[in-house]
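Quick notes on the structure that follows.
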Number of protein chains: 2
Amino acid sequence: MAKRCERLGTSAAARSALRDAEAVLFDCDGVLWRGEAAIPGAAEALGRLAGAGKQLCYVTNNSSRTRQAYVEKLQRLGFPPAETRQVFGSAYCAARYLSHALPAGGAAYVLGGAALSAELEAVGVAHLGTGPAPEPGSANFGSRAPLDPSVRAVLVGYDEHFSYGKLCLALRYLMRDGCLLVGTNRDNRLPLEGGSAVPGTGCLVKAVETAAEREAFIIGKPSRYIFECVGKEFNIDPARTIMVGDRLDTDILMGNNCGLTTLLTLTGVSTLEEVKGHLESDCPERRKLVPDYYVDSIADLLPTLQD
Amino acid sequence: MAKRCERLGTSAAARSALRDAEAVLFDCDGVLWRGEAAIPGAAEALGRLAGAGKQLCYVTNNSSRTRQAYVEKLQRLGFPPAETRQVFGSAYCAARYLSHALPAGGAAYVLGGAALSAELEAVGVAHLGTGPAPEPGSANFGSRAPLDPSVRAVLVGYDEHFSYGKLCLALRYLMRDGCLLVGTNRDNRLPLEGGSAVPGTGCLVKAVETAAEREAFIIGKPSRYIFECVGKEFNIDPARTIMVGDRLDTDILMGNNCGLTTLLTLTGVSTLEEVKGHLESDCPERRKLVPDYYVDSIADLLPTLQD
């Protein structure tokens, strides 16, 4: 049945959608909080969902935080206590992917920061490349640095130290036979408070893909892989799972592709105006971006959860 | 008439194609030279073409050399003497474009090096950004550096100092109303001797386009713009002009799009195998990559030019 993005009010349909759900997956930034400020009422809503026995999970494309950092942030902002196994960040899931996909003795050349390094370390994936790289003019600049013979994958995540030298090195590894190319996510921009933004990991992935002339395997939403990680950790039924997110092209698309019930919250990136454009479109690809339901804020779930 | 990529031998057709041409445009790297070594016989072939009264021009996507540097290299490798006005590099043509497209008092934020800066300087385009940029952690890192109010365009060229901080700054300028986005070219890779390669400007353009969520105006081949620059400098008839290049997706496509006779030389990037794939394809886009003629090397023109 075609999804129509209905307001999830206090109707009988809303009650039954929430009552029947066994698991609720949340995107974090723009859904539970913005920066360091919790969305008002969000913590209480999640408390009630947990109290009603729903399995809560946190599914985020952000590769610059470890799972432990999410557990601590949830606690700091008053959300129900969470364990690291409930957190599916693209850094952790990328590490998990490489721990299976890399051949024995293989290492990853990583464009990314400390969190990505920590998650790789935690699952035992050998890696190099995080942090600053040599400047042009240096003997070890990426176009001429010696290659590490153990590298069998290039992993692209959020990297404040991304540079042309790193791009050179990534290309040189990717020109070797059988070298995997993995990206944590394709987010174009990370919005900041006040309407500004910084470039997302998607820009860095595109740069590497363009050089390598091939597509990366993507870990984060809308890729199914990150949901498969949830499914391997918790025995959940997609038909009884709700995905809650603020982005149509990542959260809602992943949820729809995986057979989940999808709920858009308007406290983040995407707008009802965009949904309207997709609803009116004849393009099947755009129709996949339409959620089942929307709320202005997940605090709107509170009245329905009160009894 | 469909192009068929015939060998340009010493046939009557070859003689008349060369005899009738008034102008011959050459890509440089992979056509006239590889690195610092001239293609054997190339200088002599160009000498004969010039001697026969053909207008020679040099049309290159490389944005890391000035026109003057090309004039000097042609001289150093024994090619016929050239003036700067015969050289159409993407750095010079980008400067020319911005000198018309920028509003009065407008400046360009430039991802690029000294050559791009020199060409902008030469045509009087105010600009900033070339060379190294502040590191993460610095107060002037791109995500928080103050913006220059005069910037009305972002120009992306080849930049060894390309970094995440520069990408941040480019995005912040591009989020302002009316800021132009211009790329010198879309080349994915720059091949090096020995089968290695470094990432081309196309990778950097893609990164900026992905952040800005819009397409750049491209100066270099296959864009028509670089040929329009030739046409403004020399009164040439496209029907009596030959474009000689080693890349199907830049040189040959541009020539075909502009109504020129196209000649592929096999001393560089593209192969006859690729042409064969395009010839056998039903896709109209791929058919545009088929040249009129090919030679193993432009030295093969010598016998036809001997009388």
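Backbone N, Cα and C define each Cβ position, glycine as well.
For A:ASP27, A:ASP29, the entry in TrEMBL reads active site, proton donor. For A:ASP27, A:ASP29, A:ASP246, the entry in TrEMBL reads Mg(2+) binding site. Per TrEMBL, the feature substrate binding site maps to A:LYS221.
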Can you list, in sequence order, the residues of the same chain other than A:ASP27, A:ASP29, A:ASP246 whose CB lies within 8 Å of the CB centroid of the Mg(2+) site?
-> A:CYS28, A:GLY30, A:VAL31, A:LEU32, A:THR60, A:GLY245, A:ARG247, A:ASP251, A:THR265, A:GLY268, A:VAL269
Whole-number Å distance separating the Cα atoms of A:LYS221 (substrate binding site) and A:ASP27 (active site, proton donor) is 10
DSSP output for A:ASP29 (Mg(2+) binding site) maps to strand
Distant-in-sequence Cβ neighbours of A:ASP29 (Mg(2+) binding site), under 8 Å, six or more positions away | A:GLY35, A:THR60, A:ASN62, A:ASP246, A:GLY268
Which residues in the same chain, at least 6 apart in sequence, have a Cβ under 8 Å from the Cβ of A:ASP27 (active site, proton donor)?
-> A:TYR58, A:VAL59, A:THR60, A:LYS221, A:VAL244, A:GLY245, A:ASP246, A:ARG247, A:THR250, A:ASP251, A:GLY268
